[in-house]
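What TrEMBL annotates here:
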REGION    1-28  region 'Disordered'
TRANSMEM  35-59  transmembrane segment
DOMAIN    37-469  domain 'Major facilitator superfamily (MFS) profile'
TRANSMEM  71-91  transmembrane segment
TRANSMEM  103-122  transmembrane segment
TRANSMEM  128-149  transmembrane segment
TRANSMEM  161-185  transmembrane segment
TRANSMEM  222-241  transmembrane segment
TRANSMEM  247-264  transmembrane segment
TRANSMEM  285-310  transmembrane segment
TRANSMEM  322-342  transmembrane segment
TRANSMEM  349-369  transmembrane segment
TRANSMEM  421-440  transmembrane segment
TRANSMEM  446-464  transmembrane segment
REGION    472-502  region 'Disordered'
Amino acid sequence: MTDLPAEGRAATASLDRSTPQQAHADAGLPSPRRAFAIAAVLSAMSLVVLDAGMTSVALPTMARALDATPSLAVLVITAYQTALVMALLPCAALGERLGYRRVFVWGVALFTAASALCALSPSLPWLVAARFVQGLGGAAVMALGVALLRFSVPPKQLGAAIGWNALTVALSSAASPAAGALILAGMGWPWLFLVKLPVGATALLAARALPPVAGTARRIDGRSVALNGVAFALLVIGAELSPTRPLAAGLLLALAAIAVMGLVRREMPKAAPMIPLDLLRGRSFRISVVASVCCFAGQTAGLVALPFYLQHQLGQTPLVAGIYMTPWPLSVAATAVVAGRLADRIPTAWLCAVGGACLALGLAATALWPPQGDPRPLLAFAIVCGLGFGLFQVPNNRTLFLSAPPERSGAAGGMQGTARLTGQTAGAVLMTVLFTTTSLDLAPRVGLGIGAVLALAAGIVSATRGPARGASARADARLGRARPRRVTQPCWPGNRTNLDRI
């Protein structure tokens, strides 16, 4: 520890001893139990991801059944997303306080119970309230799912586990609109929520196999939780109002910025803050977060722009447009597991740079394709986009988690989810602004072009990590064990960690 000052070395001496969290992270679970633990996380993740697409498809049906206007029916989505964003970081902190498995199980149970309440809702206000509760449960699942995977598998298999998680998310995302449409065709909208009950029950049963990682004695700061909730709620609502009510949106975003500054100021002196400022001081973690925001923003802009481009500029029907978009999530799923295995062997900087470049290439090629040309090459462009995103996402997430000590895995998971939702919101708001300020013929192409720039930025930011020291799985496993004892005190001057060079 020669890179720490004397007082830092003295203060971290006690941290050099192995902790229960470190022991779990080093060994993982035995093989039979490990499979059930992974199944618990993946089934819960699929539950949360399927919900978003299925509910979006059903909004017109819900509006008619509940005698609500389309603008009010959108609150069914907004309430869920707002709760999700508000609760990610608090759920991560609660997991570190009480234990990851306990809070994860509470999240699955809350999500499942809220699904039943959604199905039984007699009116739109009841449905919106139930969806808000459902979002709180989903936040616990998203914040702690990958953290539990980290404690379930040995470090050298973390990339593969994250790859399976990405595969599950991609397949669930691709299947959710079709699954929602099939359920609506044969049954009423309440069944969109009732079909989740057996999946939730299965996840709860499998959760018994999850590692019982002990919590810490850290106190949850209620004022910080309140500030966090206010800040993210204002941010989401302000972003949604920005295209139609710019003055109100500007006021809300300004208030959100004030709340964020107050939250950062309150959390800064803490050793383990709810907003992981301690982790963000590490270069590798910070690069992973920034690159993730850029990549998700670029992909979301492309996914929103592409259907309009196909239908309004190329003259394709909605069905054909859906067929042209299908290869994108499927290629993400196909790449995820392979990328996970590669991430355990090849430097993250190289994989993420290539992935970001591929996503940028696919988006740029789509934007530049002439409207009068043969549309079939767009299928290949969609595949390139999916391959690029899959190749970027898994290694980036793996490095993000290995940049945090095991006892801060919950905070890393919360920050990962926050970065993802921030990027997705930014991409969606970007397209909304373009549709509001430019013509319908121009907006999709501009959005695809900006998405390409953001994806390329993600690759360039990732490349600044430089070549990895110990790119092999064995070296990465050593880093995963050695770093936590040095990164837990990043506030001291001169504290630079080995993983900052990854």
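Yeah, the Cβs are placed from backbone N, Cα and C, and that goes for glycine too.
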Sort out for me which stretch, of 128-149, 322-342, 446-464, has the most Cβ pairs below 8 angstroms to the transmembrane segment (161-185).
322-342
Considering only Cβ pairs within less than 8 angstroms, which of the stretches 35-59, 285-310, 322-342 has the most against the transmembrane segment (349-369)?
285-310
Do at least three C-beta pairs under 8 angstroms join the transmembrane segment (103-122) to the transmembrane segment (247-264), pairs 6 or more apart in sequence?
no
If we call contact 3 or more Cβ pairs under 8 Å (sequence gap 6 or more), are the transmembrane segment (285-310) and the transmembrane segment (35-59) touching?
no
Would the transmembrane segment (35-59) and the transmembrane segment (128-149) count as touching if the test is at least 3 Cβ pairs under 8 Å, pairs 6 or more apart?
yes
Pairs of Cβ atoms less than 8 Å apart decide it: which stretch in 71-91, 247-264, 446-464 has the most with the transmembrane segment (128-149)?
71-91
